[in-house]
Amino acid sequence: MSMILSASVVRVRDGLPLSASTDYEQSTGMQECRKYFKMLSKKLSQLPDRCTLKTGQYNINFISSLGVSYMMLCTENYPSVLAFCFLDELQKEFITTYNMMKTNTAIRPYCFIEFDNFIQRTKQRYNNTRSLSTKMNLADMQTEIKLRPPYQISVSELGSANGFSHISVGEYKGTGKISAAPHQRLEPVTLPGIVSFVLSLLCGALNLIRGFHAIESLLQNEGEDFSYVIAFFLGTAACLYQCYLFVYYTGWRNAKSFLTFGLICLCNMYLYELRNLWQLFFHVTVGAFSTLQIRLRQPQGKSPDYNV
């Protein structure tokens, strides 16, 4: 009999279980699948936002969104299109019920265990396919699955010595090559983030203009110091790189932002004689503000309007 057996909600960044169905069977196969759940939970940040793990007579499917992953266990003959629709429904309800601040600051496991009530009701509906047939557009879901099928994780990959590290250079159908860091999406842009981005561009433009003026002065007066030109252009590059770090996810992103801010401070210290205190304060403050916004804009999973 094809059916959904259990489901859980897990935080992506550290694998903390936030909620789960409380009806695990005690068979050997189910116990083994519980181990797979835990192993997958520790590797969610390295995986695409939609995956399937086939484990003999059971399948584990999951999707990730806004730093939270929704996982389910079903029998091997349960339709994939229904499995991911079930996960999509859990995702939408969880996002509606709990804000990101609560999920990001949760400390103890299963702190949203009351969500199990919704999991149980939804699971019962999806295990009764007759009640679903008139409420769902299966054609649209099947088309989406065909266009971008879930990444297939093998049991051998799960048990490898290096975990999923080599998946980052594998082929993810529908999206081409993937990697652990560049694949990550960032949280939606906030108003302070937009302000910091614009101010960083402004500081970069001011440094660039002053750099060209310094070149003109250098050509007219042989005694001018060429190092001022370098300092202005380094300041421009640092401001533009802060904009890049704010928009795109890269490895060691936070460390790079702090180093870039340090470079901005050094450039302005060197340009102390060419700028007044208000100008120095403006450039350093904008650099610090942009660094903070880069730090606050963390990676996320799939956007909330994602439909299977």
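Please read every residue number as a count from 1 along the shown chain.
Placed from the backbone N, Cα and C atoms, the Cβ positions cover glycine too.
Annotations in TrEMBL come from automatic prediction, not curation.
Residues annotated as domain 'Longin' in TrEMBL: 8-119.
What TrEMBL records for 189-209 (among others) is transmembrane segment.
Long-range Cβ contacts of the transmembrane segment (229-248) within its own chain (Cβ-Cβ under 8 Å, at least 6 residues beyond either end) map to 182, 186, 193, 196-197, 200-201, 203-205, 207-208, 210-211, 214-215, 218, 256-257, 260-261, 263-264, 267-268, 270-271, 283, 286-287, 290-291, 293-294, 297. Residues or ranges marked as transmembrane segment by TrEMBL: 229-248 (among others).
Feature annotation from TrEMBL assigns transmembrane segment to 255-272 (among others).
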Sequence-distant residues near the transmembrane segment (255-272) by C-beta distance (under 8 Å, 6 or more away from its ends) are 207, 227-228, 231-232, 234-235, 238-239, 241-242, 245, 280, 283-284, 287-288, 290-291, 294-295
Cβ under 8 Å, sequence separation of at least 6 from the ends of the transmembrane segment (189-209): give me the contacting residues as numbers and ranges. 232-233, 235-236, 239-240, 242-243, 246-247, 267, 282-283, 286-287, 289-290, 292-293, 296-297
